[in-house]
Amino acid sequence: MTARDMPATPASASESQPSAPELILGSASPRRLELLAQIGIVPARILPAEIDEAPRRQEDPRDYVRRIAREKAEVLARQADGPILCADTAVVAGRRILGKPADAAEARQFLQLLSGRRHRVLTAVALLHDGRLRERLVATTLRFRPLTAAQIDAYLDSGEWRGKAGGYAIQGRAGAFAIWLQGSYSAVVGLPLAETAALLAAIGIREQTP
């Protein structure tokens, strides 16, 4: 049998399908890394973005989180090649954006403001790949129970408020504060999983199997 007569060898699945692009996570948040792991996504690199996250004067909260997520991705695109996933989360009381408190005194002000009332958590996700920006915005509404001064003191003493939008972490002790939630729990933690998975699937990044 000549080489011309020999049957072709079927290509393996790995040879017949292009490999998925390697994801860059533009965040230092361990919570976002853990959330991605829940849907089987492991970033190839973690590259936090350093930008000015101060809201602009009279900026709409939805526009604010979209802008911050987008600017993070755009900054990192000048430093690295590959798909870049960034997100931004803000707690909003009325139209007031509650970012990460600078100190315990500001965290106390935030918790006093949120005590016994509804507020929104907005999380924007930006995926930049091959010059195309894909975005999602998820809004979740929560209601906190009325908080006593002792409860706020105990929470501040725990240190859990540090580095958290609105001065609290829903996945931690502050989970006992929320008596009602409508929307995406994972978005409140920092990354809406359903929406993020859909964005990643659109560029060929899906759950990774051993």
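Quick reminder: no glycine exception, Cβ is built from N, Cα and C everywhere.
Nobody curates TrEMBL annotations by hand; they come from automatic prediction.
Keep in mind it's a predicted model, so treat the numbers as computed, not measured.
Listed features, source TrEMBL:
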ACT_SITE  Asp88  active site, proton acceptor
COMPBIAS  7-21  compositional bias 'Low complexity'
REGION    1-22  region 'Disordered'
SITE      Arg31  site 'Important for substrate specificity'
SITE      Thr89  site 'Important for substrate specificity'
SITE      Gln171  site 'Important for substrate specificity'
Using Cβ atoms only, which residues of the same chain lie under 8 Å from Thr89 (site 'Important for substrate specificity') while being at least 6 residues apart in sequence? Val65, Val121, Leu122, Thr123, Ala165, Ala187, Val188, Gly190
Three-state secondary structure, which DSSP defines for Gln171 (site 'Important for substrate specificity'): coil
In whole Å, how far does the CA atom of Asp88 (active site, proton acceptor) lie from that of Arg31 (site 'Important for substrate specificity')? 12
Other CB atoms within 10 A, centred on Gln171 (site 'Important for substrate specificity'): 17
Quick one: give me the count of other CB atoms within 10 A of the CB of the residue listed as 'active site, proton acceptor'. 25
Sequence-ordered list of residues in the chain of Arg31 (site 'Important for substrate specificity') that lie 6 or more positions away and have a Cβ within less than 8 Å of its Cβ, or none, is Ala169, Gln171, Val189, Gly190, Leu191
Indicate whether Arg31 (site 'Important for substrate specificity') is helix, strand or coil by DSSP. helix
